[in-house]
Amino acid sequence: MCRAIAVALIVYLAQHYILAHAEVIASGRLEKCVVDGVTEELDCQEKVVVTLTVGNGQSLQTEALEFSLSCLNSPDGRCPCSCSAADPTCACRDLAAPLRVSLTKSPLWASYPLQYLSSFNWKPLEVILRPSNKVCKDGDWEDSPTCGWFSQGGVRVADSQGFCCECSSSQVWDDTFGSSKERTRANLDCDFWSDPLDILIGRKPVSAHCLTFDPQWYSGYELGAASLQFEIAITVEVPTAPSPTTATTSATPRTNNSSSANSTNSTNSPAPQFLSPPAPSTREVLHLGPSVPLASSASRLLSAKLLGDLAMYTQLPAISNQVLMVPQPPAAAAATGSPLDATLATNRSAWMLLDKTMLSMDGLACDKVGTGFSAFRYQPSGCGRAPQACLSGQLKDLWEADLARIADGRVPLYMITRFTGGSDTTLQSFSGGPLSFALPVTSHSQSLVTLSVAADGVRLVTNRSPGKITGAAVCRFAGTSCGGFEAVAARGYIYVNITNTGRLDSDYTLTVSNCSSNVRPIEARTLAVRAGSAASLDPPMELYVEDQAAAAARTCTVSLYDSVGAVTDSLTLSFYTNATQLVVKPSGGYNGTGDGAGVKRNGTDCSTACTNPIDVLCFVTKKCWSKFGRLLGIIGGALVGLGLLAVALKFGWLASLAASCCGGGGGAAAGGAGGGMGLGTGGGGGCFGGGQQQQQLPPAASHAMSPPQQQQRSHAEVAAGAAVAGAGAAGAAAAVLGAKHGGGGGGARGKQQHADTRHLQDRDSRAIDGGASIGSSSAGGSSSLSSYSQPREAGGRLLQPPAAAVFVPEGGGGGAAGDEGARAQSSDWDARGRSPRVADEHGSPRQRYDGVRQSPYMVSANPYDGWYDGGSGGGGGGGGGGYGREAPPPQGPPPHPVGAPPPPPRRRSLWERMWLQRPGGGGGGGGGGGGGGGGGSGGGVDQHGGRSCADAARRGGGGPGGMRGVEGLMSNGGRPNGPHPHAPPPPPPPQQQQQQQRQRRSFLESLTAMMTLPWGGGREEEAGGDRRGGGRGGAAAAHGGRGAGGGRGHPPSIGSPPPGPLQPPEYGPQGGQARRWGAGGGRGGVGGDGGGGGVGAAAYVQLSTGGRGGGGGGGRGRGGGREGPTWHNPVYDWQAPPK
């Protein structure tokens, strides 16, 4: 029953007392029982339970609840008291006045907890220095940089030394010629003429940029979640005087302005109610709040409980996780002991509230609060920016921006006074600590409180007093100006003053309604005003409009309601709004629409559009730059390769590696001389060719030789005390590949005859059994390392090997001499008509080697060339062909003084070195039968020379070998068909020549020489000579070339002086001049031996021991001497000076 009454009362009060500040939600009598668990008896009491609301604007005791009590402490629970008050043992007392309870509520605050983050400077500044000595130091390891170091706890702060800027070369150029449009951070004068001397020596204008701090610092505190803070005070007044015995009501009623609501029901018409007369009483105040929601009076007559708050109309500001900036006390105040709390508590208007995105907690970001040394030092393009760049957006900048907004009538963005309308007094009224932060809550907030009182009944008494609106205005933030504001960009603040014109403290409700269009509704506010006093809204009401238009007159009605909801005063409030001032848009720049983004090309488009890899026009038109670049790369690579090839040829790197075939045939008693090293001539007449075996002379003839003759012979021999047969000359061109050599002489098939009886021998096709070989010519070809370490004389020059000579392997054996009267049959030729395979049993042809293409079978110019019998002059066992460059024959003897030392060497020209060597001529033909005819010389580069030699030998006379071959001699010592038949022989050179200066190899040449494998031997050629091959072995000896033993085709008669040199002692590999060598060899017998092969050169031009000649005797030659290498070093190629 009681619950039903309470619900009906709540509905009634909600409909009729919605504007009341302390509204009773429910009230009724209720028997409350308590069980303590000690006993099963219930402690029950009948109480009046009242649930009411308390608003946040109810700060004065303008309402009171009066609980009627007949007596107190009645022993039997009945009133009036059954005992007498005069009885000292009677505790029951009848009350003269009701129990009075009033409730008030403090202002409501939204409090935010604080958490310290860091300290932030008020305004970091840049200091610019211009060192007088134009030296700026900003290194990380500088002890004394120009800006100095900051320290923190005795440790240097990284990057606190600032940075330096100087004029660049381009800035000096631009400033000098007046075309500079760029700035420098310190506005440096980069003109060259400002200080030309210093700029010339590299001391350009320079500036140092240092970071310093303002003395004022702020502490940053992060805001936590908001909580509501308020306090409800319950004042309980208990009367102490007993009630009078007379009537409870006075005969003369007193009326007042208070209203009363009685919770007791009566069937009779309500009697007039009067305010209870004041009576002596005791006062007790109970406090309720979110922290302590329960309280009871000392007499246990009343208990109170805070149930909670109803929802507000306006939410709290969403500023959690923002940072509150609180100024720190100055250092002077801290040093004097000024308390921080007092400083902060009296300076809350300087507090600022910032979002975290505006801060740099680590100091690495520019233009943010907290910018540090690293951000300042490493700012992008620091030297090209304006001074103080990277230092904007600091606390001072934000504060000044807020002041500018306030001056324009706008609300600040960072000051915390934006929540109070610019009033600082509201912030100071918060009762929290000095580092507490709370914002006032102006929205309606109703707290539910339940009171339980042991009373018979209750009534609510509310003060009602008239009020008046004394003033109202719409102003801008902080009241800078009134009358209106800027629409949307700002908001208006309604300031209202009211006065309580009654005699009681009363509550009032202020509303703003009936506004013009597009004015946002405004929430009502409540005030408690003392009797006869005036009050103002603090903070003021906020007024928003919802358009950007300018309006001269907008209106709203301001009404004042009293405590019971009656309008006690109202007025019309007029204001204006200005149009919103939008940010000015930038103008200028490009006014067109542009061409838009292009279509991206990929590799697939180019591959389908340009299929020709060399279609340059397609590449350019289709913009296939990758393919165009690829083509340019290929062409460029080829050109670079050709350039490197030219350089290699110029310096002899490639030419010294180019293989050439210089036969190593043997110059033996019966065969032609060995092939040379390929500097120009053919085998028998090869330059530096194989040695020609010396003819053993009778003792008388030997003793009859004059000293010049013996000295002439000694030029070709260096081995002490040894009659060296077939001594070969080392190749003149210094090949970096190491030793390449020809073959030595092969074994004899017939016995060699004496020179005096050689012409008596029959010229048949059988082999003549002869005697032993002459001298040391019986063994195969060989070479010795010791011979390389000795100076050798060749061509009138004294050569000296380098200190570290490359070992030259032993020379190969030369081929055996051919028989008399033998001729090649048609079956000896292969199916393709090529010459018979050379080296029947002894030689091993090589398929090919680098630099020279050579087939296993040499091709003769005439496929039917063969051997001739001894009578006709069979082909001698000539050496392999040279590998040289064709040159025209000389026209006359060279004008060189007789007996003079050879001219100094010179390098060949680039054109000469770039021209690849061509194959040299064939080997020399064999001598005529019976020794009657002189042997032909080795062939030159043309094929005619070798053949003519063979033909001449068959006819019994020698013939010229070729352009550069030494002529063979006829039996009478003549030189048929020679280049200079009438040239007088020059005297022999002196025995001692001045040693040429040694030329050391480069590292590349030495490395190549050590790492290159030796080349294999070559192969013979037929008697006709041809380009590379040597001739076949013949019956008679021939002068097969210019070996060390080269000379006459047959020895002179005993006692006759030896012939002189055939040509002047000049060396000209490109001029085709004959070279001068030692004394001529003896004539070979019928069916003589194969000649010993000449050895190849080492790394430099030097002589070496030639291959040894074979044994004497006739018989068909089984194989010629092996070919020597064709390498030569064009860098060290000697050539006669230009004529």
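A Cβ is built for glycine as well, from the same backbone N, Cα and C atoms used for every other residue.
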From Asn497, Asn514, Asn578, pick the one Swiss-Prot annotates as N-linked glycosylation site?
Asn497
With Cys515 as one half of a disulfide in Swiss-Prot, pick the other half from Cys475, Cys482, Cys556.
Cys556
From the list Thr212, Thr417, Thr577, pick out the residue that Swiss-Prot labels O-linked glycosylation site.
Thr577
Are there any residues in the same chain, six or more apart in sequence, whose C-beta is under 8 angstroms from the C-beta of Thr577 (O-linked glycosylation site), and if so which?
Gly484, Phe485, Glu486, Ala487, Val545, Ala549, Ala550, Ala551, Arg554
Confidence summary (mean pLDDT) of the topological domain 'Cytoplasmic' (652-1139):
39
DSSP on Thr577 (O-linked glycosylation site), three-state: which is it?
strand
